[in-house]
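Report on one structure; see the data block that follows.
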Amino acid sequence: MTTMANKKNEDIELGSVDGGDFREQDAFLGRTSPRPRRGSLRQEVAVVEVLDKIDHSPGASIMAYCLSSISMTVVNKYVVSGTFWNLNFFYLAVQSLVCTAAILLCKQLGLFHNLAPFDSVKARKWFPISILLVGMIYTSTKALQFLSVPVYTIFKNLTIIVIAYGEVLWFGGSVTPLALLSFGLMVVSSIIAAWADIQAAIDGVGHHAVETSAALSTLNAGYAWMGMNVFCTAAYVLGMRKVIKKMNFKDYDTMFYNNLLTIPVLIVCSLVAEDWSSENLLKNFPVETRNALFIGMIYSGLAAIFISYCSAWCIRVTSSTTYSMVGALNKLPIAISGLVFFHAPVTFGSVSAIIIGFISGIVFAWAKVRQKAQSVLPTTKPTMSASSQSNRDAANS
């Protein structure tokens, strides 16, 4: 939900996945069919070869990762953009339920071989991190509710600055001059985005005092939620980094525990803090858009798995460096998606902010690449699983 670049500075080690031995597959096909047809057998082998090429294609993995992350942002924005929408905790609970159910189903089908059985000891240790995750995703959906997708994406870059200095304070990290340059560009792009957003809001309602006040009030609420989200995201990422070293989580363990442990918290918060009257439910789920909203809520839960898988796929067939650069470049299409799907104002200021924010992400990713190359002890940073890396990416996408 509504989360899920440029801060991937950990080396990620993944087990390689090969395409299998076609001779063994031929033997298996032969056993299942006593008298196989040669033409049919050739077609099946050809299909396997095509799928194997796609599985080892860097271009396909990068495209899949970009599409999954863009679709996640677009769907989250669509769901929370209703005029009377106020059921964010419920939406996030549905996301977690769908994601958890999908993970368990995939495990039963044998798709997730490295998902360990549930461990109550690990769950207790991980629960505080899940609480931080609730704060991150809730403030994220609230910010996205009040701000346009381009502005939201640009302001998300500020999280990188807080995380970077948090690593300096608690993990002995360092900030290079090139990283400082990227931070400056991020701040400038955020200021320009806010200015352009305010100007567009005023121009959109004219100079009527009441309408102008309402528009600015909406934007101020969005900026307040965005500010809280920046610090909640940084707290989650830094806390996860500290705890994950002790957990020995594999690829999908982080995602499984995060979603499973947040379900009861989100349900309780929804029941306590949100209005469950029939009148309010009707306002949140109007008849004309009800089915589309339900589909979007279900898809957003599945998208978390898509992003995690595509992240692992991209890293496996390319490298963590390439993945970092792709995450930085992906900011641009996400911002553009807001202009295309939600008719965000296209002004000189908004376009300039998007371009500067895009450049800042590239500069930061390049700064991390150079810092890693110049590091004397590159193994001093902990290895993170693909799902942990994708969680960090979602936090800043």
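All residue numbers here begin at 1 and follow the chain in the order shown.
Cβ coordinates come from backbone N, Cα and C, glycine included.
TrEMBL annotations: computationally assigned, not manually curated.
Listed in TrEMBL:
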type: TRANSMEM; residues: 85-105; note: transmembrane segment
type: TRANSMEM; residues: 126-148; note: transmembrane segment
type: TRANSMEM; residues: 222-244; note: transmembrane segment
type: TRANSMEM; residues: 256-273; note: transmembrane segment
type: TRANSMEM; residues: 293-315; note: transmembrane segment
type: TRANSMEM; residues: 322-342; note: transmembrane segment
type: TRANSMEM; residues: 348-367; note: transmembrane segment
### Summary
Maximum Cβ pairs under 8 Å to the transmembrane segment (293-315) among 85-105, 126-148, 256-273, 322-342, 348-367 is reached by 85-105
### Query
If you count Cβ pairs under 8 Å, which stretch among 85-105, 126-148, 256-273, 322-342 touches the transmembrane segment (348-367) the most?
322-342
### Message
I'd like to know if the transmembrane segment (322-342) touches the transmembrane segment (256-273) in this structure, counting it as a touch only when three or more C-beta pairs sit under 8 Å and are separated by 6 or more positions.
### Response
no
## Note on the structure
Same-chain residues at least 6 beyond the ends of the transmembrane segment (322-342) with CB under 8 Å of its CB atoms are 5-6, 8-9, 12, 58, 62, 65-66, 69-70, 73-74, 77-78, 81, 148-150, 152-154, 157, 311, 314-315, 350, 354, 357-358, 361-362, 364-366, 368-369, 389, 393, 397
